Each structure stands twice: as structure tokens, then as C-alpha cells.
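Visitor: The signal peptide annotation in Swiss-Prot covers 1-21 and is backed by sequence analysis. Look at Swiss-Prot and you will find Cys38-Cys104, Cys54-Cys151, Cys56-Cys72, Cys71-Cys132, Cys78-Cys125, Cys88-Cys118, Cys111-Cys123 tagged as disulfide bond, backed by similarity to another entry. What Swiss-Prot lists as Ca(2+) binding site is Tyr55, Gly57, Gly59, Asp76, and the listing cites similarity to another entry. The active site annotation in Swiss-Prot covers His75, Asp126.
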Amino acid sequence: MNPAHLLVLLAVCVSLLGASTIPPLPLNLVQFSNMIKCTIPGSRPLLDYADYGCYCGAGGSGTPVDELDRCCQTHDNCYSQAKKHPACKSPLDSPYIKIYSYTCSGGSLTCRDDNDECGAFICNCDRTAAICFAGAPYNKENYNIDTKKHCK
């Protein structure tokens, strides 16, 4: 890719992070999605988990509706910790855009040693959540729920 295009893309990403009224979309969603596919082969993370319970997807509030939703709440909390982590001070270290390296082998995830401290922290947030998802039942009745009613 042309370096000028990369700079424009980076500028757009940084400006999105600075927009206080618009929550940033996780730009490393592909990595997290692939981690989930590693622990749950055949799953469709972007479809199945983007609007599940009170915490899976954008935002989150109230009491989690089940074990899977608690996995998402824990993941949200981990990202909040990452934003405050001393090694994650740069806007480029946001958990929503930070790229890290990991391996998937036989359903087992490993965050690689070549990650910097911030990347390792965020990788472990995603790894822990993917493992949690794999151990939690998926209840279809908790997909696309009325969050105003169920997430108080």
C-alpha cells in the first residue's frame, strides 16, 4: 500500500478516536474475531456476538444476562484497563486499533512474545475473552434483546 494512503488511514483512525460523542469501532475486530474462530471453529463472531446480551457489541450496561454476556463484560473491563495501562499511552495503543501477534494451534491461543507490553496486555484481553466464549453456552433468546428493558 502506498505510504500516503497509510498516513490518510492513520489520520482517519486517530480522528475517530478523538470524537468524544461517537464511540470508536474496534478496528482490531478482525483479530478478535479470528481468536474466537480459533476457540470455536465454525462460529460467526461478527454476526453472533455483535448484539448479544447487555455487553456483547458496542457499549454495555446493567447486569449481564448470562455467562456469555459476563465474558463480554469482562472483556469490556479489560479494554478499560488497557486504556489506563502505563504502556498504552499512545493513541496508537488504543485497544480498538492496536495490532498484536498471536498464534492459533488446535484451538489453543498463544499471545506471542514479540508483542510490546501494551500489545501483550490487549492480546491477553482478547485471548481470555475468546476462551471464555468457548466455555459459555450461546442462548439465542439473548441475541438482539431490548437492552432498555433487560440491562438495568
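Numbers here mean position along the shown chain, with the first residue as 1.
Using the three backbone atoms N, Cα and C, a Cβ is placed for every residue, glycine included.
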Visitor: Measure from the Cβ of His75 (active site) and count the other Cβ atoms within 10 Å, all protein chains considered.
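Guide: So the Cβ neighbour count for His75 (active site) comes to 22.
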Visitor: What's the most sparsely packed of the disulfide-bonded residues Cys71, Cys104, counting other C-beta atoms within 10 A?
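Guide: Each of the disulfide-bonded residues Cys71, Cys104 was scored by Cβ atoms within 10 Å; lowest is Cys104.
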Visitor: If H, G and I count as helix, E and B as strand, and all else as coil, what does DSSP give for Cys104 (disulfide bond)?
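Guide: Note: Cys104 (disulfide bond) is in a strand by DSSP.
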Visitor: Taking only C-alpha atoms and a 10 A limit, tell me which of His75, Asp76, Asp126 are near Cys56 (disulfide bond). These are the recorded positions.
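Guide: Checking Cα-Cα distances against Cys56 (disulfide bond), the recorded positions within 10 Å turn out to be His75, Asp76.
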Visitor: Within 8 Å of the Cβ centre of Tyr55, Gly57, Gly59, Asp76, which other residues of the chain have their Cβ, at the recorded Ca(2+) site?
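Guide: Close Cβ neighbours, site residues excluded: Cys54, Cys56, Ala58, Gly60, Cys72, Gln73.
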Visitor: Specify the nearest of the recorded positions Cys71, His75, Cys123, Cys132 to Gly59 (Ca(2+) binding site), where nearness means the distance between Cα atoms.
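Guide: Closest by Cα distance to Gly59 (Ca(2+) binding site) among the recorded positions Cys71, His75, Cys123, Cys132: His75.
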Visitor: If you measure C-alpha to C-alpha, which of Tyr55, Cys78, Cys88, Cys118 (recorded positions) come within 10 angstroms of Cys151 (disulfide bond)?
Guide: Tyr55
Visitor: If I take the alpha carbons of Asp126 (active site) and His75 (active site), what is the distance between them in whole Å?
Guide: 7
Visitor: If you count Cβ atoms within 10 Å of each one, which of the binding-site residues Gly57, Gly59 comes out on top?
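Guide: In terms of Cβ crowding, the pick is Gly57.
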Visitor: If you count the C-beta atoms lying within 10 Å of each candidate's C-beta, which of the disulfide-bonded residues Cys78, Cys88, Cys118, Cys123 ends up with the smallest number?
Guide: Cys78
Visitor: I'd like the Cβ neighbour count for Asp126 (active site), meaning other Cβ atoms within 10 Å of its Cβ, all protein chains included.
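Guide: So the number of other Cβ atoms within 10 Å of Asp126 (active site) is 27.
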Visitor: Taking Cα-Cα distance, which of the disulfide-bonded residues Cys38, Cys123, Cys125, Cys132 are within 10 Å of Tyr55 (Ca(2+) binding site)?
Guide: none
Visitor: Sequence gap of 6 or more, C-beta under 8 Å: which same-chain residues meet both conditions with respect to Cys72 (disulfide bond)?
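Guide: Result: Tyr49, Tyr52, Gly53, Tyr55, Cys56, Gly57, Gly60, Pro64, Ala129.
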